[in-house]
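Below you'll find the structure, written out as structure tokens, and then a few comments.
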Amino acid sequence: MTYVVGLTGGIGSGKSTVADLFAELGVSVIDADVVARQVVEKGSPLLAEIAEHFGEEILLADGSLNRTALREKVFADESQKQWLNQLLHPAIRREMLKQLAVQRAPYCLFVVPLLIENKLTALCQRILVVDVSEQTQLERANRRDNNQLALIKNIMQSQVSRAERLKYADDVINNDEDLARNLPQLKQKVLDLHHLYLQFAEIFNER
């Protein structure tokens, strides 16, 4: 069985950057955001169900999902968000577990933004949190998502607080610094954790 490190953090924390650095070291990465896109690909049964529920306006001209339109609908309405989560989360979980079952690497990274909120910590042997201040979250996500500040604040409110997330952490990467300046230090931190996780994985797999 593969040793599982759960990687999580709030919106704008830099989870994807950290996951990419692990991937560069040859670590297998199972990313919930990637899986979430796969399960609603154009022509999929789930996408058809979503379009039937919310209307054709959540589709782009080519028939694929308009993620921005869908996000705006669900984050403005708690009941709609719950409906979507009840549809998607089981499908995403099933697909991630399917990918995990075929892993043969010493350890893999389980990248899940809502790892704590969706009670997926039990699937992990260790939890790594990418931590930034709320101000950094807002600034980064606002730059990335073209000034959708109200939407970003809604997303942050739907996630556990920074303090709550850190309670679950076995390891923490502080990612508040500007990435361009901090990349060498970030790479070193990831490399150090990689060696640590290989040691833990060896012990885990000997049991």
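Using N, Cα and C of the backbone, Cβ positions are placed for all residues, glycine too.
Here's what Swiss-Prot has on this protein:
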BINDING   GLY12, SER13, GLY14, LYS15, SER16, THR17  ATP binding site
DOMAIN    4-204  domain 'DPCK'
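Close to the recorded ATP site, the chain also has GLY9, VAL18, VAL130, VAL132, ARG140, ASN175: residues not among GLY12, SER13, GLY14, LYS15, SER16, THR17 whose Cβ is within 8 Å of the site's Cβ mean position. GLY12 (ATP binding site) carries neither a helix nor a strand DSSP state and counts as coil. The average pLDDT computed for the domain 'DPCK' (4-204) is 91. The most densely surrounded of the binding-site residues SER13, THR17 is SER13 (count of other Cβ atoms within 10 A of its Cβ).
Counting only residues at least six positions away in the same chain, the Cβ atoms of LEU7, THR8, GLY9, VAL111, PRO113, VAL130 sit under 8 Å from the Cβ of LYS15 (ATP binding site).
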